[in-house]
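What follows is a short report on a single structure.
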Amino acid sequence: MFDLQHKTLGEFIIANQDSFQYTSGELSRLLNGLRLAAKVVNHEVNKAGLVDILGGAGDTNIQGENQQKLDVLANEKFIQTLKNREIVCGIASEEEDDFIAINSKDENHQNKYVVLIDPLDGSSNIDVNVSVGTIFSIYRRITPVGTPVTMEDFLQPGKNQIAAGYIIYGTSTMLVYTTGDGVNGFTLNPALGTFYLSHPNMEFPETGKIYSVNEGNYIHFPQGVKDYIKYCQKEEGDRPYTSRYIGSLVSDFHRNMIKGGIYMYPKSSMAHNGKLRLLYECNPMAFLAEQANGKASDGFQRIMDIQPSELHERVPFFCGSKKMVEKAEEFMAKY
Ligand code: AHG
Ligand code: MN
Ligand code: MN
Ligand code: MN
């Protein structure tokens, strides 16, 4: 039982504050803000079947997706928490057309960090009581402190990330994050409302036996992906692999990090850049993957090297155990 003798997330953030590259305490305040918002959204997600927050919100977001009520609610909670505390200078979200600039009340624009979020990931799973998540990505602004943030502050390559993480609202609720010094996972004790360090130094096994891809799209995939899927299914050595696909990136990633596996959302003849968004889905997961001894690629190059050109840009995504991602890249390189 996690209780008084175990380290809490709050304690961990303070204890590790000095190892950050920039030690103003601002990043700690930001992580604490995200921790608080996570608890609020967790509470909402948990009671979703009891109150009228299941189903569609009746609107579409900028990417043409039908917004779920919980997409909208989670978006509001994270933005409110970060805005009210004035701990960031800007926020970009899957559910907002443009970034939101946050000016501090004293008009000094002193905050240095911008946050990009996918407030609710896997929202098609909400109505059927399957795990969903939240993904966040944190950068230091590029433009000078004291001026309003601009698009340039958000369109940074993933390798510039200061921190990234996710919350998984699963059988347990966990917050998993990195500040560039490994990946640590914290489990929420719902009775106390406290996150405890339950998974220190998380790492992808070097290789694994799980492949996660929406095989319903097989016919539309590039030949390299088709060949790799056939390779996964072939009876040889430690194969065939097991196929596991939840349809919630956070949940598929979390399982693969613990058990060993590869997640793929390739481009297809229907979606030329795949579906996942570079800035608030792929980059944060790529940072976590690399910090956990895994790998993330668009099939040809490192995700975190890509220079983004727009907020809601999509990119093909291959992520997981290093050897498996390398093998998938080998097949991609043939075409
Ligand atoms: P979101 O719910 O934030 O829009 O993200 C959904 C994403 C991702 O979580 C998941 O892996 C993928 O969409 C599933 O897409 P398909 O249903 O096309 O497989
Ligand atoms: Mn969505
Ligand atoms: Mn998502
Ligand atoms: Mn989402």
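Cβ from N, Cα, C; glycine included.
On a predicted model such as this, the values are computed, not experimentally measured, just so you know.
Features as listed in TrEMBL:
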| type | residues | note |
| --- | --- | --- |
| DOMAIN | 7-200 | domain 'Fructose-1-6-bisphosphatase class I N-terminal' |
| BINDING | E94, D118, L120 | Mg(2+) 1 binding site |
| BINDING | D118, D121, E281 | Mg(2+) 2 binding site |
| BINDING | D121, G122, S123, S124, N214, Y245, K275 | substrate binding site |
| DOMAIN | 205-332 | domain 'Fructose-1-6-bisphosphatase class 1 C-terminal' |
Count of other CB atoms lying within 10 Å of the CB belonging to Y245 (substrate binding site): 16
Nearest recorded site to E281 (Mg(2+) 2 binding site) by CA-CA distance, among binding-site residues E94, D118, L120, S124: D118
Separation of alpha carbons, K275 (substrate binding site) and L120 (Mg(2+) 1 binding site) (Å): 15
Alpha-carbon distance [E94 (Mg(2+) 1 binding site); S123 (substrate binding site)] in Å: 12
Those binding-site residues listed as S123, N214, and which of them has the most Cβ atoms within 10 Å of its own Cβ: S123
Binding-site residues close to ligand 3 - of D118, L120, S124, E281, only those whose C-beta is under 6 Å away: D118, E281
The domain 'Fructose-1-6-bisphosphatase class 1 C-terminal' (205-332), counted residue by residue under DSSP: helix, strand, coil: 56 helix, 26 strand, 46 coil
Close in space, distant in sequence - K275 (substrate binding site), Cβ under 8 Å, 6 or more apart: Y265, R314
Where E94 (Mg(2+) 1 binding site) falls in three-state DSSP terms: coil
